[in-house]
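Scroll down for the structure; my scribbles are underneath it.
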Amino acid sequence: MTELKVTSKKGTGFYTRAAATFLRGTDDKAPVPSITLSGTGPAAATAAETANAIQKQGLASITRVETGYPEVGSQSVARLAVTLTAPWPYPDASSYSNFDEIVVESYALDHEISFAKGILEGSIELTLRAVREGVSHVVLDSRSLSITKVTGADGAALDFDVGSKGRRSEALGEALDVQLGKALDAGDSAVVRIAYSTAPDAVAIQFLSPQQTQGKQHPYLFTQCQAIHARCLMPCQDTPGVKSRYTAKLTVPAPLTALMSAVPDDAEPKEAEGKRCFSFTQKVPIPSYLLAIACGNLVARRIGPRSHVWSEPEAIEACAFEFTDTEKFLSIGEKLWGEYFWGIYDLLVLPPSFPYGGMENPCLTFVTPTLLAGDKSLAATVAHEVTHSWFGNLCTNRSWECFWLNEGFTKFGEHRIMGTINGPDYEQLLVRQAMVELAGDVAHFGPGHEFTKLCPQLKGVDPDDAFSRVPYMKGASLLLHLEKLVGKDRFEAYLKAHVERFAGECLDQDDFKSFFMKHFSGDPAVQNVDWQRWFYGCGMPEMPVVHSVLAEKVDLLSSSLIGGYEGAAADLEGWFPAQTELLLERLADHVKSGDAQVRSEMRGRLDGWSAAYGFDRTKNAELRFRWLKLALACGDDSRAEAAIQMAQEVGRMKFTRPLYRALMAAPGLLPRAKEAFERAKPSYHPITAKMLVQDFAKAEA
Ligand SMILES: CC/C=C\C/C=C\C[C@@H](O)/C=C/C=C/C=C\[C@@H](O)CCCC(=O)O
Ligand SMILES: [Zn+2]
């Protein structure tokens, strides 16, 4: 093991310089397994800061900072495990694009959707602006696109290559490098037009046959671009660090309707020769991950002054009923964070294979049909997506390494909106419930895992692999912590100022911190925030202090049930479904932390609980999912079929992945789970299928 030992009372700068000298002096083909930094100070913080500084200088990729910091003699030692790699040459860990030299200001899409071939065929015209002197090429992200022609503004062909200079990988796809035919000065514009078609197995797109839709008459298509799947749809700078305006023309078979994350140009499409042509404009610059397309037999109902809900005709009444609170969420958001910027706020309820609860596509949030509980009880997801109108869509994370700036702010905002409606005690209940779920995800990765950091490193990593509740709830925990330091009113004023400052821009954790510290400049309350630990520390964050009578009621009932009380329907009278969710989480925690005897005892009580509370009959997907997971954790094989059925019918990964994982973990059920997965695979969205293939590979390894 090659080791650098630095023993000093000096600070981070000293360590960083010493580590940098050491790294530069080594043969860069030989990996350096570890560097040990020892110091008499708080070595843990120093190690984390050093790792961050080394990374920021592009000297090395730090695989992990070990936690533990044992005492060696009188010193506490922090160990940095370092893998020496060539500095990352691109401005974003998840993109090959050279957006530090030239940016896409706007683009125009022109596509025909071919359901027969399972592809989109057409072109994109990019308007570029150089941001450096002498730029002669543009590098775009792409994945499996068939590119037929690349031309400039005058129609003359431009040279291009795909995946050259090692810019091709499983995680990032292939760089499309286009020569502009001249060197641009900073501020100069250029136009590039690319004719291409998408691949039939594009991960961003799911094509559904008529049989897979509710109406069974027409095909359906929808996209999911977050995090880095827009490159399967179009050559683009697929980084949240670049925002562009777009227009689009979509030609689809009649009588289908096309929708996009934009405002339709016309009330009705142009129709001719069995085809319909829709056009759209998104005049607010957005990052590539917010591009979205849907096409199917779709109808709309008005649900508010600026909102419609869209779905297949068979579900439209249920959808219109479920989402009537949308305008309430929007107007609370406006009070808290300022003007709603996007004109319309429509919802599209997708088929069950939609992989997420919701996706904040501007002007047209996509949501899962698992929100249709029939009693509006799961509409908090809409409050979440509405909150993205400010946090994420307007003030955007600069890269996926600071995804928490989208999701942590949004989770905080979602809870605040729901708390404004149902009271602060309810908000605290949601926080408590979300922290339980966060603990589950941290335990799943392991408490020292890179992905448990608020700002993880993602070089060479598929962001889908890093996705968890960490950016959501560790991020929201940081905001709750800061709010506690400065007080609620001052924090609310700060959030408004944050939106004003970063609207239309991108930010990372350093921008966030600088602005926060400037806003509260000189305030002693914020001088001791341990930013390093919040941003780069692994594992669970400090738990927000939660006082919730609603949550206490849950604790009381779960203790009674665990203690042998049989339960009665009246126990849950007047309860919010979120309380019942927490109850089921609590019971599952008890089972997971117990031994075989505990599992068997709890298994024996399941039928009684279901008789009392109707768990086996619930139509609420959140409750059904938790109930089935609890049953599997207890070793109750009699409910395995119901779990398999839910995992097969619902493609929302929040449910599908843990259900399969629970089945895989149950003694003897792995082959049955695998067989069920193989049968259902053709109906899953490609992202869900990809993640499940990985989950099964891990379980079988
Ligand atoms: C630190 C993590 C780094 C990068 C991840 C970035 C994107 C992850 C990618 O997998 C896409 C995520 C899309 C999420 C969309 C909606 C979620 O808020 C839904 C949450 C789960 C659910 O309710 O179903
Ligand atoms: Zn979100």
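Cβ from N, Cα, C; glycine included.
Model, not experiment: these values are computed from the prediction.
Going by TrEMBL, these are the annotated features:
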BINDING   Gln224, Cys225, Gln226, Pro355, Tyr356, Gly357, Gly358, Met359, Glu360, Arg652, Met653, Lys654  peptide binding site
BINDING   His384, His388, Glu407  Zn(2+) binding site
ACT_SITE  Glu385  active site, proton acceptor
ACT_SITE  Tyr472  active site, proton donor
DOMAIN    548-696  domain 'Peptidase M1 leukotriene A4 hydrolase/aminopeptidase C-terminal'
Considering only the recorded positions Gln226, Glu385, Glu407, Tyr472, Met653, which possess a Cβ situated under 6 angstroms from at least one atom of ligand 2? Glu407
Pairwise CA distance, Tyr356 (peptide binding site) versus Glu407 (Zn(2+) binding site), rounded so that it is a whole Å: 14
For the recorded Zn(2+) site, whose residues are His384, His388, Glu407, find every other residue on that chain with a C-beta no more than 8 angstroms from the centre of their C-beta atoms, and list them by sequence position. Gly358, Glu360, Glu385, Thr387, Phe391, Gly392, Asn406, Phe409, Thr410, Lys411, Gly413, Glu414, Tyr472
Between the Cα atoms of Tyr472 (active site, proton donor) and Glu360 (peptide binding site), what distance do you get, rounded to the nearest Å? 15
Sequence gap of 6 or more, Cβ distance under 8 Å: name the residues on the same chain that satisfy this around Glu385 (active site, proton acceptor), in order along the sequence. Gly358, Met359, Glu360, Thr365, Val367
Out of Tyr356, Glu360, Glu385, which recorded positions have CB atoms lying under 6 Å from ligand 1? Tyr356
Whole-number Å distance separating the Cα atoms of His388 (Zn(2+) binding site) and Gln226 (peptide binding site) is 13
Greatest Cα separation in angstrom, residues Gln224, Cys225, Gln226, Pro355, Tyr356, Gly357, Gly358, Met359, Glu360, Arg652, Met653, Lys654 binding peptide per the record, works out to 18
How big is the gap, in Å, between the Cα of Gln224 (peptide binding site) and that of Glu407 (Zn(2+) binding site), rounded to a whole number? 17
Within the same chain, the residues at least 6 apart in sequence whose Cβ is under 8 angstroms from that of Gln226 (peptide binding site) are Tyr289, Leu290, Met359
The rounded CA-CA distance in Å from His384 (Zn(2+) binding site) to Met653 (peptide binding site) is 17
Three-class DSSP secondary structure - the residue listed as 'active site, proton donor': helix
Listed in sequence order, residues with CB under 8 A of Glu407 (Zn(2+) binding site) and six or more positions away: Gly392, Pro471, Tyr472, Gly475
Through the lens of DSSP with three states only, how would you label Tyr356 (peptide binding site)? coil
